[in-house]
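Below is one structure, written out as structure tokens; the observations come after it.
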Amino acid sequence: MGFQNEASSSSYTLKIPPPAREDSPLLGKGPPLSSQFKTFANVFIAVVGAGVLGLPYAFKRTGWLMGVLLLVSVSVLTHHCMMLLVYTRRKLDSFNAGISKIGSFGDLGFAVCGSLGRIVVDLFIILSQAGFCVGYLIFIGTTLANLSDPESPTSLRHQFTRLGSEFLGVSSKSLYIWGCFPFQLGLNSIKTLTHLAPLSIFADIVDLGAMAVVIVEDSMIILKQRPDVVAFGGMSLFLYGMGVAVYSFEGVGMVLPLESEMKDKDKFGKVLALGMGFISLIYIAFGILGYLAFGEDTMDIITANLGAGLVSTVVQLGLCINLFFTFPLMMNPVFEIVERRFSRGMYSAWLRWVLVLAVTLVALFVPNFADFLSLVGSSTCCVLGFVLPALFHLLVFKEEMGWLQWSSDTAIVVLGVVLAVSGTWSSLSEIFSVKV
């Protein structure tokens with residue numbers, strides 16, 4: 001079923017998507033946002049996540065100046081591609097008397113490319129959301145393994161390390177990840193997000209608190225000591241840094257719901273630009289301060305550099321609890337897609353358990369948090385954030401866009417594909433290389 005564009009010379013056929021559940025776990029079905037400030041705040045909440053904790057380590061690898069340039073470039077490109085999605089939906093809505101039937105990224109894929117478009121979007125949403133959750137488990141396992149004193153024979157880490165090495169043949173980090181598994185089976189068996197919604201507020205508060213503590217600690221350390229730092233780490237690390245930057249700004253799934261809920265839609269682009277600019281400044285400050293404070297000793301999770309004080313321990317435990325409860329929120333769109341395709345949209349506990357097990361197994365084999373951020377950013381986030389928005393925009397506007405617009409969309413598609421392929425290869429090489 002489709003609507004023909006009769007008011008335009010374009011022969012594009014709009015495919016009306018069937019009713020579908022939202023693909024983004026970040027937004028509920030609450031009342032429409034009525035102010036620009038609320039939209040700004042929601043952009044911040046949707047984009048800023050645990051990936052920020054890996055930025056200082058990424059700056060150590062790439063050099064602080066290259067890191068800044070990559071963050072700014074990715075921020076500008078991400079905003080542009082988000083707006084391409086908005087423009088594409090507005091164009092398709094104009095074919096249907098201005099009534100929007102496109103509520104999510106998957107709906108837009110269906111409207112532009114039919115079932116194939118939805119399948120591609122769904123696939124990369126599954127990979128990206130599951131990738132985020134793998135990162136969460138890596139963070140939890142690594143952080144808990146580092147919190148206790150390994151030299152103390154009575155410490156929890158010592159007992160876990162001895163148990164793992166002598167009896168099970170696995171590390172304490174792996175045991176902590178396995179320890180999360182049965183509890184995640186229970187949390188991910190909850191049918192609706194309604195009961196988990198308050199946890200998203202808690203997660204945002206903990207994230208902001210952790211960032212504030214780290215920035216203060218970094219500033220105090222910088223005043224006492226200034227380790228040697230480098231501006232450029234070499235072009236060989238460009239793809240690595242690009243992957244981490246793309247991961248850090250991933251939030252393309254929220255842009256269409258946010259634009260729909262904003263009262264003054266004409267100002268959405270400006271509000272989104274302000275939000276992305278503000279986030280960029282925070283990311284740059286966080287990354288530079290962390291690197292300046294610890295130099296070559298900067299760890300892949302910056303909170304691990306804070307030492308063993310009470311404040312540091314509370315922050316790290318708070319982040320672990322935050323990510324532990326954020327896990328089911330981020331897996332929810334994966335469950336919706338898989339259940340829609342394999343159980344006719346009906347709730348399926350065993351499908352959810354299989355997916356949680358798969359995510360857990362992947363987390364066990366990834367040694368480094370920041371390296372995995374680069375992998376997810378280079379692979380799925382590049383496709384979702386750059387390739388698909390530009391491709392959909394190109395297909396819908398191809399008969400009325402000028403040469404400059406056509407070249408811009410085509411260049412973004414090509415750039416996204418090149419970054420995805422080369423960045424994925426580079427990240428996998430980093431993960432599986434033997435580091436001495």
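Cβ coordinates are placed from backbone N, Cα and C, and glycine is handled just like the others.
If you check Swiss-Prot, you'll see Ser35 and Ser433 are listed on opposite sides of the membrane. Most Cβ pairs under 8 Å with the transmembrane segment (167-187) belong to 353-373, among the candidate stretches 229-249, 274-294, 353-373. Away from its own ends, the topological domain 'Vacuolar' (295-309) comes close to residues 53-57, 59-60, 139, 142-143, 146-147, 149, 210, 213-214, 217, 227-229, 315-316, 319, 368-371 of its chain (Cβ-Cβ under 8 Å, at least six residues beyond either end). Note: the topological domain 'Vacuolar' (217-228) comprises 8 helix, 0 strand, 4 coil (DSSP; helix = H, G, I, strand = E, B). The largest share of C-beta pairs under 8 angstroms with the transmembrane segment (412-432) comes from 377-397, of the ranges 39-59, 310-330, 353-373, 377-397. Within the same chain, residues 23, 25, 49-51, 53, 105-106, 108-109, 113, 177, 180, 250, 253, 301, 319-320, 323-324, 326-327, 330-331, 333-334, 337-338, 341, 355, 358-360, 362-363, 366, 368-369, 372-373, 375-376, 379-381, 383-384, 388 sit at least 6 positions outside the transmembrane segment (119-139) and bring their C-beta atoms closer than 8 Å to a C-beta of that stretch.
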